[in-house]
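A.B. asks: Mind looking over this structure? Questions follow.
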Amino acid sequence: MRTLWIVALLLVGVEGSLLELGKMILQETGKNAITSYGSYGCNCGWGHRGQPKDATDRCCFVHKCCYKKLTDCNHKTDRYSYSWKNKAIICEEKNPCLKEMCECDKAVAICLRENLDTYNKKYKAYFKFKCKKPETC
């Protein structure tokens with residue numbers, strides 16, 4: 001089952017420490033990262049590009065910008081450690097870059113939770129060709 005989860009995340013193109021990011025999103029929102037955010041709006045999941053469609057999509061846009069600031073680690077392949085204590089994500093990494101990557105993922109998971117009321121099903125499987133030119137970070 002764990003292998004299927006990792007393969008599914010790879011197929012939708014979610015970046016970062018895939019397993020950790022997916023778990024954070026589930027813990028914070030109660031939603032499955034793949035089915036709920038894998039192709040949401042213009043910026044969530046694979047093919048992310050374009051003006052955010054709503055606050056939920058903006059969370060993903062800001063997340064991509066956060067990743068662009070990482071310098072000494074690879075957000076597509078490197079993994080980090082975190083824990084879930086008292087309903088809070090705790091980034092436990094000693095490596096500064098991996099800690100920052102964890103903080104990027106933590107921030108998007110919290111942002112998605114804080115914007116659950118903006119989640120719009122019409123953007124769930126949004127066609128990326130409809131997206132307008134992206135703004136810069």
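Glycine is treated like the rest: Cβ placed from N, Cα and C.
What Swiss-Prot lists as signal peptide is 1-16, and the listing cites experimental evidence. Residues or ranges marked as disulfide bond in Swiss-Prot: Cys42-Cys131, Cys44-Cys60, Cys59-Cys111, Cys65-Cys137, Cys66-Cys104, Cys73-Cys97, Cys91-Cys102. Here Swiss-Prot flags 121-133 as region 'Important for membrane-damaging activities in eukaryotes and bacteria', drawing on similarity to another entry.
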A.B. asks: Using other CB atoms within 10 angstroms as the count, which residue among the disulfide-bonded residues Cys59, Cys65, Cys104, Cys111, Cys137 scores least?
C.D. replies: Cys137
A.B. asks: Hey, how far is Cys66 (disulfide bond) from Cys42 (disulfide bond), Cα to Cα, in Å?
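C.D. replies: Rounded to the nearest whole number, the Cα-Cα distance is 17 Å.
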A.B. asks: What whole-number Å value do you get for the CA-CA distance of Cys137 (disulfide bond) and Cys97 (disulfide bond)?
C.D. replies: 19
A.B. asks: For Cys91 (disulfide bond), what is the secondary structure state per DSSP, taken as helix, strand or coil?
C.D. replies: strand
A.B. asks: Taking the Cβ of Cys102 (disulfide bond) as centre, how many other Cβ atoms lie within 10 Å?
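C.D. replies: The Cβ of Cys102 (disulfide bond) has 25 Cβ neighbours within 10 Å.
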A.B. asks: Taking the Cβ of Cys60 (disulfide bond) as the centre, count every other Cβ atom within 10 Å, in any protein chain shown.
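C.D. replies: Cys60 (disulfide bond) is surrounded by 22 other Cβ atoms within 10 Å.
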